[in-house]
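Here's the structure, in C-alpha cells; my notes come after.
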Amino acid sequence: MQTRLKALCASLAALPLLASAALPAYSPVTDARLTKPEAANWLMYRGNYEGWGYSPLKQINSQNVGKLVPAWSYATGMTEGHQAPPMVNNGYMYVTTPNNQVIALEASTGKELWRYKKTIPDELMQLHPTNRGVALYGDKLYLATTDAFLVALDAATGKELWKVAVADWKKGYYMTLAPLAARGKIMVGSSGGELGIRGFVAAFDAQTGKEAWRTYTIAGPGEAGAETWPGETYKTGGGSVWITGTYDSETSLAFWGVGNAGPWMPDTRPGDNLYANSTIALDVDTGKIKGHHQYHWNDAWDWDEVSAPLLIDVEHKGKKVKSLVHAGRNGYLWLLERTRDKVNYVDAWPYVTQNVFTSLDPKTGRPTYDPKRVPGTGKTTNFCPSLWGGKDWPPEAYNPGTGLLYIPANNNLCSELTGEPVKYNAGNLFIGVSLDNILTNVRMTEKSRKHIGEVQAWDLKTGKKVWTHTYPEMNWGPLMTTAGNLVFGGGTNDRMFRALDAKSGKVLWETPTPSGVTGVPSSFEVNGEQYVAVQSGWGVDAQRMQGAFDAVLEHKTVVPQGGTIHVFKLQK
Amino acid sequence: MNKTPHHPDHSHPVESPSSPERRDALRASSALLLCAGLGIGKAALAEGPSNSRPKAGDQLVRSDSEGNPVPLRSTEILPDTKPLPAFPLEPASGEVRSGSRLNKVILIRVAPGDLTEETRPYAAGGVLAYSAVCTHQGCEVSEWVAKDKTLMCYCHFSKFSPGRAGEVVAGPAPRTLPLLPLREENGVLVVAGPFTSNPGVAKST
Ligand code: FES
C-alpha cells in the first residue's frame, strides 16, 4: 500500500511535466502581439483590441462546416453562466468558469495542465456568478474575481503571483469581466450597479499589481460632469463596468462601456448623470477621460450600455470614418467617430422595436423621450425594448471580409416597471423597483409571441440590414465570425450551437450541447488544424430572462445547468 | 427570414439533492484542507458575540433597527407578507450578532395547516426563522410569493417552502434553507438551538 501510494503521488507530481512536454515553452504576450494578433491564436476577449470577435482562419468555411465534429470536450464541474471565450496562445488554452476558476488546457487535446481556484468568502453574494475570461500579458495571466480581487498567475504553471483588492465586496463591488492589458497595465472595472456602487475603471501595473490610476465612471465633485448629479447621489450612482474595453493602439485610448445610473428611477437623480450609459475614452497611461458619448441621459430603463464599442474604419456617406460602433441596449445602433481627444456623434438608428426615443439631435445624437415611456417613482410605465434591451452584454461581431456587423438581438420585447422609493443600505440591493415586478416585468406582444431572438447582419456602409435569422425565444449568444464566411453563436434555450453563412444568414451546421450556450466562441489553429471552441453553461441573465418568460408564458422551458468546454474540428 | 423551429421542452425540473448532511461533511472536509493549505487555524477566525452563530437563549431584533434594539415578539410577524429580516441578540451582553451576514434570519408566519410534522417543532407562536442567505450563491432570500406560499431569492429565483422545512421547490438552490429553531417566552421570540445546517453556500470545489 505504502509503495503504491508513493508511486501514485510521484506520478501525480510528474503529471504537469508530462502534459507540458508535448507543448512548446510558453510564448510571452507582448503589446506587439496584442496589436497584431496571429491568426492561429485567440489572445484576448474578442480576439483583437478592436473588439471584432473575428478569426482570419478559413480552413473551416461555409463549404465544409457541415463536417464539423467534436475534437474534445471537458466538464468544468461548475454550474451557472459560462461566458468566457477559450483563449489560446500557441497551444495553451485558458478558460474561466463561475466561482473564479481558471483552467489551463492543452488546446489540441483538452488535457488539463493546471487549475486555479480563488477562495471566495463564505458571506459573498453572487448576483452574477460568472466570469468572462482572463487577460494574457507577458508570461502572466490576470483574473478579475467576484470578490473584487485582481489576481496574477504564472501562465505556464498557474502559480498565484500576487493579488490585490480592487474594491470592497462587502459594499457590493464585484468583477466578472476579462481584464484589458496594454502598455504595461492591466485594466478592470467593477459591477454592482444594483447595489449602489460608484463605478470606475482602474489600472494596475502588470508586474507588481500596484494601482496606477482609477477613473470613476460617475462624475464626483471637482470632476467634469459633477453638475449632472444632484447632492450626494453620485456616491451610489452605479455606472458599472463589466465588459472588457476596446483599445486603439495608435492613440493609446481604451473605450469602455458604462452601465446604467442607479437606483433605477430617474427622479431620484435628476440630471444627465454622466458618464452612466455612455462610452468613455480613457488614456491608458493616465486614466484621463479624453472623450465620451452618452447614448441616453438620466436612464430609467436599466439599459446598461456596458458593451464596449467596436473600432471599425467605415465609409459613411462617402467619407472615411474611424468609427466606434455599438448596438445599444437602448435599441439603437450607434455610429460614432473617435479622434485623439474627442468622441463625435455620426449617426444612429433603431435596430429593434423602440418606443421611447421620439427623435435624436442631428448634431449630438441626444435623444428626446416620450414622457409616457419614462418610468418614475410611484408610476407604472410600459416601454420597449425590455429592460434587457435590444442587446444585452453578448458581443456583436464584425467581419472585414463581408463588411457586415452581426448583432445578437432580442426584438419585440417590452417591459412594465413600477418605481418605488428605496433607501441605500451598504451591500444590499438598491434598485427602486420591487423584485416581484422585475420577475414579471416582461410584456409579450403579438410579435414577440412569434419570435424574439435574432441574429442581424448590417452593412455599415449603407446602413441597411442585409439579413435576419430569427429564434422563437431569446438569444443570449455572443457571436464570432470568421474569414471562412461563417458566424458562430448559441444563445437559445434549445441548447444549440450553430454556424451561419455570414453572407446569407443560412444555418449551415448546428449541434445540441449539454446546457445552453452563452459563452463567447473563439477559433484557433494548432499544427495546421483549425478549431472552433465555446463553453456551454446556461445561467445568470439568460436564466433570469427564462424565469421572466416562464412567469408570463403558458409553457415553461427547462435549460439544464452545468458547464462544458467544447472544441470542434473538421472530420478527416 | 430564416427560422429555427421551436422545440418545446418536455423534460422535468431538476430534483433537489437528497442529502444535506453529506454536503456539509464534504464542505467541512474541503474547508479543513483549505485551512491546512493556508495555515489558518481556528484561532485565526473571527470570534466574539457579534460574529459567532446564534445560540440557544438569543433573542431576535429587526435587522434595520437603530438605537436600542427591542426583542421581537411573535405577534409582530404578520401573515402573508414579506418575511421580516432579523439578527440574533445575545441578551447578556446586549450585542447584536450582525458581524456576519450568515447570522441573518428571516421571520415568517406560517398557517398551522401549512406546517409539515417535521417543521412544526421549529416554530414558536406560528413563527419560523430561516437563514436569510440563499444556499445557491448567497443572495438574500427576501421575497414572499403569495401565489404558491414560498420564500423567493431574487438573484436566480430559487424558491423555498417555509411550511416544508425550507425545501427547495424551484430554482437552482442545491439544498434546503437552514432553520433556526424558536421558542417563545412571554410572547418574545427566543432561539431554541443552533441552525439545522450551516447557513450560506455549499461551495462546489
Ligand atoms: S443566490 Fe439565491 S437563487 Fe441564486
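Backbone N, Cα and C atoms are what each Cβ position is placed from, and that goes for glycine too.
Database features, via TrEMBL:
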type: SIGNAL; residues: A:1-21; note: signal peptide
type: DOMAIN; residues: A:42-339; note: domain 'Pyrrolo-quinoline quinone repeat'
type: BINDING; residues: A:ARG132, A:THR176; note: pyrroloquinoline quinone binding site
type: BINDING; residues: A:GLU194, A:ASN260, A:ASP302; note: Ca(2+) binding site
type: ACT_SITE; residues: A:ASP302; note: active site, proton acceptor
type: DOMAIN; residues: A:475-532; note: domain 'Pyrrolo-quinoline quinone repeat'
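A map of TrEMBL features onto the structure.
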residue  : record                                : Cβ within 10 Å
A:ARG132 : pyrroloquinoline quinone binding site : 25
A:THR176 : pyrroloquinoline quinone binding site : 29
A:GLU194 : Ca(2+) binding site                   : 24
A:ASN260 : Ca(2+) binding site                   : 29
A:ASP302 : Ca(2+) binding site                   : 25
Exercise for review: Could you tell me how many residues in the domain 'Pyrrolo-quinoline quinone repeat' (A:475-532) are helical, how many are strand and how many are coil under DSSP?
Suggested key: 0 helix, 28 strand, 30 coil
Exercise for review: Take the domain 'Pyrrolo-quinoline quinone repeat' (A:42-339) and average the pLDDT across it for me.
Suggested key: 97
Review point. Which are the residues of the chain, A:GLU194, A:ASN260, A:ASP302 excluded, whose CB is within 8 A of where the CB atoms of the Ca(2+) site average out, their centroid?
Key: A:GLY193, A:GLY238, A:GLY259, A:GLY262, A:TRP264, A:ASP299, A:TRP303, A:ASP304, A:LEU387, A:ILE431
Point to revise | Integer Å distance between the CA atoms belonging to A:THR176 (pyrroloquinoline quinone binding site) and A:GLU194 (Ca(2+) binding site) | key: 14
**Study point:** A:GLU194 (Ca(2+) binding site) in three-state DSSP notation
**Key:** helix
Exercise for review: Give the distance between the Cα atoms of A:ARG132 (pyrroloquinoline quinone binding site) and A:ASN260 (Ca(2+) binding site), rounded to the nearest whole Å.
Suggested key: 20
Review point. Cα-Cα separation of A:ASP302 (Ca(2+) binding site) and A:THR176 (pyrroloquinoline quinone binding site), in Å?
Key: 18
